[in-house]
Amino acid sequence: MALPIKFHEHLQLPNAGIRVPNITFSNVTMESDKNIVVREMIGDQQQVVIIDLADTANPTRRPISADSVIMHPTAKILALKSGKTLQIFNIELKAKVKAHQNVEDVVYWKWISEKTIALVSDTAVYHWSIEGDAAPVKMFDRHQSLAGTQIINYRADAENKWLVLIGISAKDSRVVGSMQLYSTERKVSQPIEGHAACFVRFKVDGNQNPSNLFCFSVKTDNGGKLHVIEVGTPAAGNTPFQKKNVDVPYTADTAGDFPVSMQVSAKQGIIYLVTKQGYVHLYDVESGTRIYSNRISTDTVFVTCEYTATGGIMGINRKGQVLSVSIDEANLVPFVTNQLQNPDLALKLAVRCDLPGAEELFVRKFNLLFSNGQFGESAKVAASAPQGILRTPATIQKFQQCPSTGPGPSPLLQYFGILLDQGKLNKYETLELCRPVLAQGRKELITKWLNDQKLECCEELGDLIKPHDVNTALSVYLRGNVPHKVVQSFAETGQFDKIVMYAKRVGFQPDYLFQLRQILRNSNPDHGAKFAQLLVSESENGEPLADLSQIIDCFMEVQAVQPCTSFLLEVLKGDKPEEGHLQTRLLEMNLLAAPAVADAILANKMFSHYDRAAIGQLCEKAGLLQRALEHFTDLYDIKRTVVHTHLLKPDWLVGYFGSLSVEDSVECLKAMLTQNIRQNLQVVVQIASKYHEQLGADKLIEMFENHKSYEGLFYFLGSIVNFSQDPEVHFKYIQAATRTGQIKEVERICRESQCYDAERVKNFLKEAKLNDQLPLIIVCDRHNMVHDLVLYLYRNQLQKYIEVFVQKVNAARLPIVVGALLDVDCSEDAIKQLIINTRGKFDIDELVEEVEKRNRLKLLNHWLESKIQEGATDAATHNAMAKIYIDSNNNPERFLKENPYYDSKVVGKYCEKRDPHYAFLSYERGQCDAELINVCNENSLFKNLARYLVKRRDFTLWEQVLNEENVHRRQLIDQVVQTALSETQDPEDISVTVKAFMAADLPNELIELLEKIVLDNSAFSEHRNLQNLLILTAMRADRTRVMEYIQKLDNYDAPDIANIAITSELYEEAFAIFKKFDVNSSAINVLIENVNNLDRAYEFAEKCNQSDVWASLAKAQLQQNLVKEAVDSFIKADDPGAYMEVVNKCSQTEHWEDLVRYLQMARKKSRESYIETELVFALAKTGRLTELEEFIAGPNHAQIGQIGDRCFDNGMFDSAKILFNNVSNFAKLSVTLVRLGEYQGAVDAARKANSTKTWKQVCFSCVENGEFRLAQMCGLHIVVHADELEELINFYQDRGHFEELIALLEAALGLERAHMGMFTELAILYSKYKPEKMREHLELFWSRVNIPKVLRAAEQAHLWSELVFLYDKYEEYDNAALTMMQHPTESWREQHFKEVIAKVANVELYYKAMQFYLDYKPLLLNDLLTVLSPRLDHSRTVLFFNKLKQIPLVKPYLRQVQNLNNKAINEALNQLLIDEEDHAGLRSSIEAQDNFDNITLAQQLEKHPLVEFRRISAYLFKGNNRWKQSIELCKKDKLYKDAMEYAAESRNGELAEELLSFFLDEKLYDCFAASLYHCYDLLHPDVIMELAWKHKIMDYAMPYMIQVMRDYQTRLEKLERSEHERKEEKAEQQQNNGMTMEPQLMLTYGAPAPQMTYPGTTGGYGGQPAYGQPGQPGYNAPGFM
């Protein structure tokens, strides 16, 4: 019986590059059957692998740092979790969708819909929407029953009203499932024991709405159960679902199995339940009936999802196989019917899933109900039958023929009503329903049914509706895909825009040009443009649906220029070269009909591939000069047109010149000036201004000058001068402006331009002799020609312009002007007056310099005094006055001290050579440090310099003067120490000076300075910092004086100074400081750490007798390995603080007794665990086992287990035994007892420990010491762990204990936890050491061994029989067959071989098997071929035996398979029969099978010595229409009867007449008469009469002639009778003409079949209508088009 399920392997994850260790529940997720996501570690980098199940060959890898990844069920969206950080990322958009930082760790998460992720923490469950920015929403708290469980699943119903959380945990050697069912409406939870669950919306028979069902399965000690219950309140009108509670079978071998996942197909109503050990169970939701169970995987299936393609389930097992299970639609119903003997369930499944297999049941039920008059029920059965098996014309005919049973609707109407309620009608049902409805005029019903998708649309239905409603018919044609009728209907309804779109969509090609012409003639031309546009825009492969030129012709036929223009503008917007002729045509039609439109088109520059020359000429004729110029390329044409500037836009014309060459542009400009300079000058200037860079300014200037147009030159140059750097342009502009009287512009350009030649312009302006000299003044002022300017103006009597220059133009030039006037001997009074009158700003220093150079400084005295009196505070004025006072010795010292405005540097510099004292005063007043130091050094003013430095308090200045390169440093230091510091009382002065000496690294001078301050009883003697500095400086400069200062001084920082002394290696001085200030702990540290004298330290400690001193000494002694002395010192210090160091040192030096003393003291002070732990170990080390036992028996904080380990590691097994026993560490105790040789005790301890590692250690030790009985006891606890089995076996085998190992495994097979590895390894051991036992072992336990592994072992051991057995069980039939053929003496068994060979996949093995049988078992060869015949290539098989010349051996096989009508078989068998001269068999063969070369065989048999074979040859010729050849052969062998029969069969009169002639020639008159009978209808009576008369055998021909006369008579009588009947019918028809033959149709009457015709109608689409019926348009009827 075929299985009711389909099992398919989609993928193996290892083949996609996934390593098997990564295939785990935590690393692999599958949220849907679209994608699989795997987290994988590659080296040090973690990656996520995304496998698209639609494209498994191309997995996507991305680096990640997340610890969990789940993929969106349908979209390319990843959810990633790293710790408490959650993130959603869109892979396609490469963008982060959402992120959240969770408060709790998420232990499980899952997509429960396309928009929601469920998050499960240790305490609660949350829902997180991927839409918006909202954080996860808490749904409910976890129930306490799920505490400590591993969450494996979470499910929600369709409306998220019911939620269930599922977890598992280990309890009492089994896996317990815990579930929490939660209602979001009632906010309550219910704990349930269960392992797998899901929700489903399922519609129960009789209910209007689906029920919300909750399905879950549980495995307990009492067995497995599946529960199906309804949750929530049933929908209104629904009958509550009856709870189902059914058993889930678990065998003894699967006692540890339990459900892991569940999926329910809502459409099929089937539950798919998968268990841990790979079993799948199928249940019907409605009845709870178990449909099928089987094992689909030997490995655990740890993740599943719904397989949407078939409604089944998809899962992944530990090996990485991606498997799916679905129902087999072809076999499910037969399986339920025959195997389960449940026809009711089979019917339900067939209806629910629309499955085949129950046709007979439905037909029987329908016929029974129909025969009983239950038409309503039978209609329901017919409507619900799967795959429409009862929805046939025969069923409709049945309902049409049955009478109406009462006032209600007729059976046919009931049937159609049920069909409409359940779904869509088929084509025949639609037509039968719509005919009477349309006849009654109720087309709204049809419209309603069409909108509800209840009718199957077809051409016939559209034709039926079209006379009543064209739009509805169009809808039907569209839905029924009848393109030619759709296009026709669109045209009739004016929906032209839809024609192209529809035709393209369905691939139909209508006559578009015809449709376009119809639109242009009968409709708005604009619609034609739109339609034409569609013909182009909806093109395929870049080609329009109609030729563009022909489309344009269509427009031109009706003179539709504007619509055609609109169309072409849209079509040609791509501006392609191949469209040039169309562009030309577009422009031509508009230039002739609408020049403005053409102008707009050209203005937008839409086209570039038209005939420019032709269009240019047309533009000129149309008055579009601008467009004509754009198209002209000949200079003559351009010059002819361009001079008409009044007809051209200036802006455009300027832009146009940009497209001309330089030479052409200049020529055109000249032509424009020559034609009409007044009219064209302005535009010429504009053009020249814009293109001067390209045309060349020199050429343009020359052009204007040649036409003597200085005005044009002025305007041209004025437009470019501000941007030009050409000196010539600027000069020409100044010239043009001067000549046109534009003096203000001359002033501006002279003032602003940077490019003209100043000398050339100055000379031009002098020669021009302008009335206004301001341009000349500006040029000379800007270019420093003021001296020349003053000379020119003074000599030309233009003094007023000198005053204008300094007073209005540039007052800053006054000093130069004064100097120039002095040079020309101008009077002092005039100069003074000029200075006084000049109110602008000028440089007084420069003025003073100019006057001073000419020894006329006193000239400024009164002017300067007046300025000071006016309140002038500028430095220049006061500097000049200071110089005058110093030179005149007019009380300068007072001026220098009191005047705040002069520049100290300037005046000081002026005084240096005249009086250094005045220079010092000036520099001091301005803090000019560098100048002051320099003047003091040069003039030995060190005392003044020292006072200045102390008061200045500037470190930079001190650094400069105290530099060792300063030759005057010593003199300055002496003045600082002797004079400057003695005079000051400001501590800040002292501080800065001392710091400066320190920074200058002058320790000796600093000591000298500090002694002066500190030791000479000054005001700063008790200053702490100064005392510190003195001692520190002495440490650095003179160490011999340090002890003296320590003793003399008391107000210094002793700890800091002592520490510095230590770093300076002044240990005695540091010790003296600590001792002086009673810091004894630090003092002894100096003796210990620096002086390194423990004896002095010990003496010092005895003197002090302080705990901290003793502790410091003890630590030092400990570091020097003086352990006993250190312990004594620690005890004197009574300090347990250093117990860590003491323990480490005593342990290193083996001073365990001293350690005991110290730790006993320390224990009194502190009950630290470490102290007591080390005391225990020290007692163990000293062998004080009694004290040890007493200590650990009492209260303590020691780490007994840790000490036990240390004792064990150090070989102190007696102590370890005591300690391990104390803490009940039986695992370690057992190993310790093994070391002590107490094996029985070790086994007992191991039993208490119950640890695999312990069992291994004890077992191995027992094996090593020959205690095999105890070793076996231990081994039984090891072998049940598959991971440990290999190590155990290797240990035994390496030591040669094979018998004991086999005994151990044999004893272990009966254990409850026996697993596959044990059976496998025992089989391998049997193959190596006891091959005689292997067969029995495999026959008993083949299903529990790892067959591939045992296969290798059996092959290596040459156990061929066992190898075949395993290959058979493993379904490797190819290898099994090969092995039997290679080793037949040991492994071949006839029946077994035939069973195996029929299952092999490799067809080549069939032929190897044939050869094998030929070699070893030739008599059984036909039996083998019988078995293989369903799968053999019979042609190849025949060829195989032909090559070996063994065809006779396989004759039975050939007989058996001849019914296949294979050519090779037929020819081989026929040849064999020929060889055997079996003509009867050959005749039978060729009559039964015709697939062979008939002609070749006929030709072969034609020459055969036996007549029967030649007769067969004639038969074959006849069968191949070689009648003549066949008859000739019969005549040759005198087979006259055959010849007559063949001549009759040939239907050839000539052959028949030839045969008659042959008989007459041979005087075979009887055969002649017989031939007349056989060939009666082929012969001509006149020919026969002639032959008979010639040969005088009329008697032989007379029977033939009598029969001919009778036939002629009969035909005449029939013809007369037929004519008489035709006349009667015609008369009757004329008499009945005009009568109505049929009543109005009603729905209950039904409709005639499409092929039927009514009386008075002719049938067909083009026939005439019946009387009283409307005409139907047909293909041949008027009005169709």
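Glycine residues also receive a Cβ, built from the backbone N, Cα and C atoms like all the rest.
What Swiss-Prot says about this one:
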type	residues	note
COMPBIAS	1616-1628	compositional bias 'Basic and acidic residues'
REGION	22-65	region 'WD40-like repeat 1'
REGION	66-105	region 'WD40-like repeat 2'
REGION	106-147	region 'WD40-like repeat 3'
REGION	148-193	region 'WD40-like repeat 4'
REGION	194-255	region 'WD40-like repeat 5'
REGION	256-299	region 'WD40-like repeat 6'
REGION	300-328	region 'WD40-like repeat 7'
REGION	1616-1635	region 'Disordered'
REPEAT	539-685	repeat 'CHCR 1'
REPEAT	688-830	repeat 'CHCR 2'
REPEAT	1276-1422	repeat 'CHCR 6'
REPEAT	1425-1568	repeat 'CHCR 7'
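When pLDDT values are averaged over the region 'WD40-like repeat 6' (256-299), the model yields 93. Residues of the same chain lying 6 or more positions beyond the ends of the region 'WD40-like repeat 1' (22-65) and with a Cβ under 8 Å from any Cβ of it are 10-11, 13-14, 16, 71-74, 78, 80, 82, 91, 110-111, 152, 302-309, 314, 316, 318-320, 322, 324.
Sequence-distant contacts of the compositional bias 'Basic and acidic residues' (1616-1628) (same chain, six or more residues past either end, CB-CB distance under 8 Å): none. Residues 26, 29, 31-32, 34-37, 39, 46, 48, 50, 60, 111, 113-114, 117, 119, 121-124, 128, 130, 133, 135-136 of the same chain, all 6+ positions outside the region 'WD40-like repeat 2' (66-105), place their C-beta atoms under 8 angstroms from a C-beta of that stretch. Residues of the same chain lying 6 or more positions beyond the ends of the region 'WD40-like repeat 6' (256-299) and with a Cβ under 8 Å from any Cβ of it are 3-5, 7, 152-153, 168, 174-175, 177, 195-202, 204-205, 210, 213, 215-219, 224, 226, 228, 244-246, 248-250, 305-306, 311-313, 315, 317-319, 321, 323, 325, 327, 332, 335-336, 340, 342, 345, 348-349, 352-353.
Per DSSP, the repeat 'CHCR 2' (688-830) is made up of 108 helix, 0 strand, 35 coil. The helix, strand and coil residue counts that DSSP assigns across the repeat 'CHCR 7' (1425-1568) are 112 helix, 0 strand, 32 coil. Assigned with DSSP, the residues of the compositional bias 'Basic and acidic residues' (1616-1628) fall into helix, strand and coil as follows: 13 helix, 0 strand, 0 coil.
When DSSP labels each residue, the region 'WD40-like repeat 7' (300-328) comes out as 0 helix, 20 strand, 9 coil, counted as helix, strand and coil in that order. Sorting each residue of the region 'WD40-like repeat 5' (194-255) by its DSSP state yields 3 helix, 30 strand, 29 coil.
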